[in-house]
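TrEMBL annotations:
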TRANSMEM  42-60  transmembrane segment
TRANSMEM  75-93  transmembrane segment
TRANSMEM  100-121  transmembrane segment
TRANSMEM  133-154  transmembrane segment
TRANSMEM  207-229  transmembrane segment
TRANSMEM  236-253  transmembrane segment
Amino acid sequence: MDLFSAGLLGIVQGLTEFLPISSSAHLVIVQKLLPNFSQPGILFDVALHGGTLLAVLIYYRRIVWELLTFKNPHLMWILIIGTIPAGLAGYFLNDLFESMFASLFWVGITLMISGVMNWFVDSRQDIGHRAQGTGWLQALTIGIFQAIAIIPGISRSSATIFSGTMLGIDKKQAADFSFLLSIPAILGAVVLQLTKHGAAVSDPAPYVVGFILSGIVGYFSIGWLLTLLAKNKYKYFAVYCLIVGALVSSFEIL
């Protein structure tokens, strides 16, 4: 893989990992559009996810430190509970879902589903419930929605923020919880893939470029999403997913 393609995929991963527009869908679309694109393999995906993992760790470093020093045991427990469904789904069902939804047509359909969830979030009014007061059943429900997001085209951010607001959690708090919940999810995916495929690479340069750019862009994407949520502009993501999803599905049919 050339460095331009690696950098482009790193930027796409950084933007779409945290924005509610599905990183898996956009990586598939971009790879289809790149001329003479050669599939880099699972390890390149691991590098991209490693960059976004570093981004969320740095952005939420104070809360992460509280978790590591056991200063917020309630948040620690609900994050563990929320991680269980995605861990089970990723281990047992990831390959099945990736094969079932491999075509651009289905990616477009699931991307439109993400758009509908985004539209719902934008229409909700905050009622003052904070994520720190979330119980185990609410955390488990959000975790189930995160597990559903292993389906290509379903945005993890869309699914978790949607389920959080559906349960009455304020949008900002739901987004924060979603991003914190991504830490064990991404880490688990990285460890699982490294366990399956090892870490040997012939040319590390594309991996380094993808890792760095996905991390930098991912860090700023988190702040951008939180800003748009605060300004009630989340509907832009809904419109984007609906339009792109419809175009992608139509293109595959034609």
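Every residue number used here counts from 1 along the chain in the order it is shown.
For all residues, glycine too, the Cβ spot is worked out from N, Cα and C.
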Remote residues contacting the transmembrane segment (42-60) - C-beta distance under 8 A, at least 6 residues beyond either end: 1, 6, 9-10, 13-14, 17-18, 27, 176, 179-180, 182-183, 186-187, 189-190, 193-194, 196-197, 199, 201, 206-208, 210-219, 221-223
Same-chain residues at least 6 beyond the ends of the transmembrane segment (75-93) whose Cβ lies under 8 Å from its Cβ atoms: 63, 66-67, 131-132, 134-136, 138-140, 142-144, 146-150, 177, 180-181, 183-185, 188-189, 192
